[in-house]
Amino acid sequence: MSINSEYLHPLFVGQVDNLALQGALSPAEVRDVENEMDQKAVLVFRGQPLDQDQQIAFARNFGQLEGGFIKVNQRPSRFKYAELADISNVSVDGKVAEADAREVVGNFANQLWHSDSSFQQPAARYSMLSAIVLPPSGGDTEFCDMRAAYDDLPEDFKKELQGLRAEHYALHSRFILGDTEYSESQRNAMPPVSWPLIRTHAGSGRKFLFIGAHASHIEGRPVAEGRMLLAELLEHATQPKFVYRHSWKVGDLVMWDNRCVLHRGRRYDVTARRELRRATTLGRRCRLSPRGQSWVQ
């Protein structure tokens, strides 16, 4: 039986109610999920609590897993799998972290619009975030559709952006927040990478903007000018008409396509426990289309 999903937003995001994630998926079910992702870019699975083994097994259906920022963090993990990212305000001893702890700073960085692991090549493909413990209020996650944002740009602006590239760096979003105390080893763990501002999605064939909080500047332009252009594009892309806000329930799993979706966490009381757990798959290396007109991933 094919999976089906109902739109939660006029442009993207589907809720899937007829697929159990705790067991093995058939090849047909994996293809169905990928087809739904190509169209909707975000899928919501309600009432699907997963342990660490189940989450890893589900994620591995969709490609090689990546560790992302763990190369920079260089800290012990609470999890049995290095590929699971701890999206929480909980320290390794299991207690809620102090307000100035790096775990909490990481939560603030996650409240900036970003694409997971855009600071590496290949970058992330899918992220799968599971809700374990939630605060009494706040802590929603927002997603914006970068395909629709690109489509909505004036044609002359699209032409101006064609061929421009931005440099993405793992620590840029942390530096924005004043979190600069990193060793040379940490700073050099993931060198900056260059990405085209406009790319083409390999699954849907749609063009999209590729920006976010890891993008530090536009190559070949003065830093100030490039950053203002990035800010203008982000302001355009995150208009309410392009944004879906997810209010979490324990047991939710949300899956999104980092190639064509930005996301951010929303504010909550950081003294209240909030635990989510993320697995992320790697994408393919970005390549130039056969006609040389766009970058495809």
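Easy rule for this one: first residue shown is 1, then count along the chain.
Cβ atoms here come from the backbone N, Cα and C positions, even for glycine.
On a predicted model such as this, the values are computed, not experimentally measured, just so you know.
Around the Cβ of HIS114 (Fe cation binding site), the number of neighbouring Cβ atoms within 10 Å comes to 23. The Fe cation binding site feature in Swiss-Prot is assigned to HIS114, ASP116, HIS263; the stated evidence is similarity to another entry.
Among the features that Swiss-Prot reports, 2-oxoglutarate binding site is placed at THR141, TRP248, ARG274, ARG278, with the record citing similarity to another entry. DSSP assigns THR141 (2-oxoglutarate binding site) to a strand segment in the three-state reduction. All protein chains considered, the CB of THR141 (2-oxoglutarate binding site) has 23 other CB atoms within 10 Å.
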For the recorded Fe cation site formed by HIS114, ASP116, HIS263, name the remaining residues of the chain with Cβ within 8 Å of the site's Cβ center, in chain order.
-> ASN110, TRP113, SER115, SER118, SER127, GLY212, ASN258, VAL261, LEU262, ARG264
So for HIS263 (Fe cation binding site), how many other CB atoms are inside 10 Å of its CB?
-> 23
DSSP, reduced to three states, assigns ASP116 (Fe cation binding site) to coil
Whole-number Å distance separating the Cα atoms of THR141 (2-oxoglutarate binding site) and HIS263 (Fe cation binding site) is 7
DSSP, reduced to three states, assigns ARG278 (2-oxoglutarate binding site) to strand
